[in-house]
Amino acid sequence: LNPWDVMLCVSGTAIACENALVVAIICYSPALRTPMFVLVGSLATADLLAGLGLILNFVFQYVIRSETVSLLTVGFLVASFAASVSSLLAITVDRYLSLYNALTYHSERTVLCIHTMLAGAWGVSLCLGLLPVLGWNCLHDPAACSIVRPLTKSNVTLLSASFFLIFLIMLHLYIEICKIVCRHAHQIALQQHFLTASHYVATKKGVSTLAIILGTFGASWLPFAIYCVVGDPDYPSVYTYATLLPATYNSMINPIIYAYRNQEIQRSMWVLFCGCFQAKVSFRSRSPSDV
């Protein structure tokens, strides 16, 4: 057994277990049906499918050796990870809208916008996953293969370019969010004639949280996206594994950042497993900017 494949399978198992719990909690709790948690549920579902894809890829690689199965597995993984990254972008857009249009955020228009974003994200992700299955692969042209067989070089270049575009959009939106947060803190300071320590701490914490979110996302995916562009299939496979493995860690970290830190999800978890709270406990609706 290739130890790198074993590590990917172990990562996939951890990813699937973590995100399956998040999906179960959101489905179990009627109070977690707000647009914010719909987006978190979409992210958890995409990461859950990615984890299952890593497990299936390991099983089929060592148990069932078939070109057709290989194409289906790779396409499934591409679609799952693309949906995960797209859901992260949708969450970022939602956070920006909750601050930029705070007065009109809680409206039917916002719900429609979020559902449209998710439909577009999953639709594009599905199309990207179907490309190698429908013929954009290198099974009959080994010279066109990329570092991720059986994807072609042009295919991984498209995926990398899409990631870079999403990363730049997220970077721009988080910079705008930081500006809005700092502006709000300054306005509060003018109204109260001074900036209290609590306002300073809250602002600093908010900016630090955004930096951690974007930094984690970039550190996980940027090495693999860059290597997809500059790498060559003749290079040792250890380079591909060494950049791909951190990318899978992003799906392992996402539940911690976007779900388990949320008080409503923590409380629902206690209800689901321990029954420490009454089933009809009231939940305080929070803004995406609080998560």
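Using the three backbone atoms N, Cα and C, a Cβ is placed for every residue, glycine included.
If you look up TrEMBL, you'll see 18-258 marked as domain 'G-protein coupled receptors family 1 profile'.
The annotation transmembrane segment is assigned in TrEMBL to 6-29 (among others). Tertiary neighbourhood of the transmembrane segment (6-29): same-chain residues 37, 40-41, 44-45, 47-48, 50-55, 57-58, 241, 244-245, 248-249, 251-252, 254-256, 259-260, 264-265, 268-269, 271-272, selected by CB-CB distance under 8 Å and a gap of 6+ residues from either end.
The transmembrane segment annotation in TrEMBL covers 36-64 (among others). Note on the transmembrane segment (36-64): residues 1, 5-6, 8-9, 11-20, 22-23, 26-27, 70, 73-74, 76-77, 79-81, 83-84, 86-88, 90-91, 94, 98, 114-115, 118, 121-122, 125, 248, 251, 254-255, 258-259, 262, 264-265, 286-288, 291 of its chain, located 6 or more positions outside it, place their CB under 8 angstroms from a CB of the stretch.
Annotation comment: TrEMBL describes 70-91 (among others) as transmembrane segment.
Feature annotation from TrEMBL assigns transmembrane segment to 112-136 (among others). Distant neighbours of the transmembrane segment (112-136): 35, 38-39, 42, 46, 71-72, 74-80, 82-83, 86-87, 89-90, 93-94, 97, 150-152, 154-155, 158-159, 162; these residues of the same chain sit at least 6 beyond its ends, with a Cβ under 8 Å from one of its Cβ atoms.
Beyond the ends of the transmembrane segment (156-175), by six or more residues, the same chain brings 78, 82, 85-86, 88-89, 92-93, 95-96, 128, 146-148, 210, 213-214, 217-218, 221-222, 225-226, 228-229 to within a C-beta distance below 8 angstroms of the stretch. For 156-175 (among others), the entry in TrEMBL reads transmembrane segment.
The transmembrane segment annotation in TrEMBL covers 207-226 (among others). Among residues of the same chain six or more beyond the transmembrane segment (207-226), those with a C-beta under 8 A of the stretch's C-beta atoms are 85, 88, 159-160, 163-164, 167, 170-171, 174, 177-178, 181-182, 243-244, 246-247, 249-250, 253, 257.
Annotation source TrEMBL lists transmembrane segment at 238-260 (among others).
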